[in-house]
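Novice: The following block contains the structure, expressed as structure tokens.
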Amino acid sequence: MGMSSDNARGLALAVSSSFFIGSSFVIKKVGHRKAAHSGMRAGSGGFSYLHEPLWWVGMITMIGGEIANFAAYAFAPAILVTPMGALSIIVSAVLAHCVLNEKLKKPGWIGCILCIVGSAIIALHAPKEREIESVKQIWHYATQPGFLVYCCIVLIIVLVLIFRVAPRYGQKQMLVYIAICSLMGSLTVMSAKAFGIALKLSVLSKKNQFIYFQTWFFIFVVIGFVVIQLIYLNKALDTFNTAIVSPVYYVLFTIFTILASMIMLKEWHVESGTQISTEILGFVVIILGTFLLNSKESDKSTPSELTNLNGSEASDSPTQLP
């Protein structure tokens, strides 16, 4: 199946985004390790990493990747852009193997190959982006009952996780922090897509979309939700192994984002059964690859093992991946 020019642009932006974001995980992890020797760890509620220059290098790298990722959503559907995040897992895992000494063994390398194959399958069979002529059209989709119900459910779950679950179980169960990031991420992506389309229409089509309050609403949602995601992603990265956080975050984030996109934009409305089945197959291949990257459970140290009374990092022995 031929790829439209907009899909090709979106794919190129998504791939470049994955390289930046995958690198940022490892750079920030190194920054967290250095910062842990001079203050309280992020996983324990500390913010000493904000004084570590290397952490800011990782943050700038991630921001660059996120900008490219958000731009990709302006050109291509979520079913194409989001699964490309698997490439960031590969970059993160390989760099963690080389830089952090978090060893990646043979099944992990096979997982990397599967992620690439699955991404290629989806890229070749992704649907064309729905034609949107105004940010008001996106607002119409976002205020449909189905998507409003999804938003309410997500926000309720996130609030419960933040205020009730995370304080008690966050440092023991990685899924708590990752679930917050992934659920918020699905709404962030939909808002970022709306903002990206508004920007594209304003620049390329000379139709100023910034005169509408809906555009600014989507911008504020993106900013606010991204800040929350970064806080809890930093907690997850500081508390758990980078090579474990990345694939689990990817799988949950992708599932929730595609679900939100299906509810809001109904991007599969023009696809054949064969095309949908092929896309699902590609996604399953990617998921298999991510689980191969994590097919042997890593050693998960408890917070007391990671810090001493002064908040410094104790031992930093490498975690083995298959």
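Positions of Cβ are set from backbone N, Cα and C atoms, glycine also.
Unlike curated entries, TrEMBL annotations are predicted automatically.
What TrEMBL shows for this protein is this:
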type	residues	note
TRANSMEM	12-31	transmembrane segment
TRANSMEM	54-75	transmembrane segment
TRANSMEM	81-100	transmembrane segment
TRANSMEM	107-126	transmembrane segment
TRANSMEM	146-163	transmembrane segment
TRANSMEM	175-199	transmembrane segment
TRANSMEM	211-232	transmembrane segment
TRANSMEM	244-264	transmembrane segment
TRANSMEM	276-293	transmembrane segment
REGION	296-322	region 'Disordered'
COMPBIAS	303-322	compositional bias 'Polar residues'
Novice: Which range out of 146-163, 175-199, 244-264 gives the transmembrane segment (12-31) the most CB pairs under 8 Å?
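Specialist: If we count Cβ pairs closer than 8 Å to the transmembrane segment (12-31), 244-264 scores highest.
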Novice: For the transmembrane segment (276-293), I need the partner stretch with the highest count of C-beta pairs below 8 angstroms, choosing only from 54-75, 81-100, 107-126, 146-163, 175-199.
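Specialist: Out of the listed stretches, 107-126 contacts the transmembrane segment (276-293) most.
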Novice: Answer with yes or no whether the transmembrane segment (54-75) touches the transmembrane segment (244-264) by the criterion of at least three Cβ pairs under 8 A, sequence separation 6 or more.
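Specialist: Stretch pair does not touch.
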Novice: Between the stretches 107-126, 146-163, 175-199, which one has more Cβ pairs under 8 Å with the transmembrane segment (81-100) than any other?
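Specialist: Most Cβ pairs under 8 Å with the transmembrane segment (81-100) come from 107-126.
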Novice: State the non-local partners of the transmembrane segment (175-199) in its own chain: residues 6+ outside its ends, Cβ under 8 Å from one of its Cβ atoms.
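Specialist: Contacts with the transmembrane segment (175-199): 69-71, 73-75, 78, 82, 132, 135, 138-139, 142, 151, 154, 157-158, 161-162, 165-166, 169, 209-210, 212, 214-215, 218-219, 221-222, 225-226, 228-229, 232-233, 235-236, 239, 245, 248-249, 252-253, 255-257, 259-261, 264.
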